[in-house]
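What follows is one structure encoded as structure tokens, with my remarks underneath.
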Amino acid sequence: MKSILSLARSFAANIAGHALRLFALFVTAARADWRGVGPEPVQRVYYANHTSNGDLPMIWAVLPAALRRQTRPVAAADYWLKNRLRAFCGRDVFRGVLIDRRPEVNDNPMDKILAALDEGSSLIIFPEGKRNMTDDPLLPFKSGLYNIAKARPDVDLVPTWVANLNTIMPKGEVIPLPLICTVTFGAPVHVAEDETREVFLARAAHALADLRPEDPA
Amino acid sequence: MTQTTMNLALLSLGVCGILVALTILGEVLRARLPAGQANPVLDTYQTRVQSWWTIVALVAIALMAGQFGAVLLSFFASFAALREFLTLTTKARADHLSLALAFFAVLPLQYLFVWMGWHGMFTVFIPVYAFLVLPVVSALRGQPARFLIRVAETQWALMICVFCLSHVPALLSLDIAQMGDSNVLLIAFLILVVQFGDLLEYWFGRRIGKHRIAPELSPKTREGMIAGLLSAAAIGAALHWITPFGVLGAAGMAAAASLFGMMGHLVFAAIKRDRGVQDWSHLIPGQGGVLNQLDSVLFAAPVFYHLTRYIWAT
């Protein structure tokens, strides 16, 4: 009985994932620009800029099916477990690695992230830690990216720039604008042996900001 | 099968014949290529021909489906065009609601009015009502920085992508004595003369072109344009049997539509050059965005519509 239920659940998640993907592609004509790497199914950590709650579905939608199946987003548990619908999306559709951000909980996020990597999954992470509401292209990165790079030096860290989403779906707006969204994947970065945390994070942030298209206006 | 459907089928067959020839040409060139050698020009050519097959099939099916098909196809083309255009315009947070209204209210309403054949409304809805209301919506949310640029670019996007394009299916609402229910053939006429005018202008321009008309913007030449216009007029005259224009009238209408089409191409080249893009998007393989494909039809459609209305409609 239980296995039938979980089968039905994963089937529903599959359908919902396809529907979500088609919706995202229809509304934004989202497109992947594989500039620094190709869409090969090797293990990667895609680290992306974060301006909107649509960022994650957008990256997820432009990944080819084979890559999408092996890629899991690292996301905030307090956001994704808020209600049953979000929990269904976060846990079943995106198969998120959910991290509890509450200070009173000692969740050891790195353990979960490394466990997911050791299972062979690729990850999507947002190293700014929260949505960027400023006019700067990026907020200072949290240490997570450096810790991952140190702990698993063989994994490619791929800078992933999501363009336009802050205009498509700004914080506080209800109706998304159907503008074109481009997700650009840059050349992977790795931490050098004697590189300090600050230097590496600055270099990784620079590699990501470099993918930003020029402001048309 | 009615006479109109018959004529449409005949036109589709003719266009398919040309596409078959172009496809075979591509395959022959591909077969002559030494094994293992890449040829990007040929790749682009073949992708384009493939995209052309899709476009021709879509337009033919839409036109055969009558007014509803034509309105629906134009609606989706307008949506895609507006999406491409507004992606590159100046915007601020304060414009979110007015831009959402442009997509989800102005665009569907314009096509509803066109579908109803309400000439008095669809010819003024965007130039008057949207023009006045959308800036108010933006102004109510503050943010004066670059206000005029923002509202002007949004209005331009609506005019070109929605207003102009909606004049293609609007041709169906014209009451023309000799045409009966076969106005749909006018759409085929307009698209064929403009697109073939463009193609031949490009082809002649590459061969006999010398004097560029706007060297900073586009490789268009005087010689290419004149040859393109003459070809469009000849194609128009050859297609006069599907129009109420008569032989000379059809040649003149084709030349007028083609002229505005080429000018539209030039204007869009200026916009693209300014925004630093080659293509509006990557929606159509090998040809860029919907706007890359439609720019000339957008400029030609309102002119073609009004000329037809003033001279031939009752």
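The backbone N, Cα and C atoms fix where each Cβ goes, glycine too.
According to TrEMBL:
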TRANSMEM  B:54-76  transmembrane segment
TRANSMEM  B:97-118  transmembrane segment
TRANSMEM  B:124-142  transmembrane segment
TRANSMEM  B:154-172  transmembrane segment
TRANSMEM  B:184-204  transmembrane segment
TRANSMEM  B:225-242  transmembrane segment
TRANSMEM  B:248-271  transmembrane segment
### Query
Residues of the same chain, at least six outside the transmembrane segment (B:225-242), with any C-beta under 8 angstroms of its C-beta?
7, 11, 182, 185-186, 188-189, 192-194, 196-198, 200-202, 204-205, 208, 213, 248-255, 257-259, 262
### Query
Mind checking which residues reach the transmembrane segment (B:124-142)? Cβ under 8 Å, same chain, six or more beyond either end.
93-95, 97-98, 101-102, 106, 109-110, 113, 150-151, 154-155, 158-159, 162-163
#### Entry: Positions on the same chain near the transmembrane segment (B:154-172), where near means CB under 8 A and six or more residues out
67, 70-71, 74, 77-78, 81-82, 85-86, 89, 91, 95, 98-99, 102, 106-107, 110-111, 114-115, 117, 119, 122, 126-127, 130-131, 134-135, 183-184, 186-187, 190-191, 291, 294, 297-299, 301-302, 304-305, 308
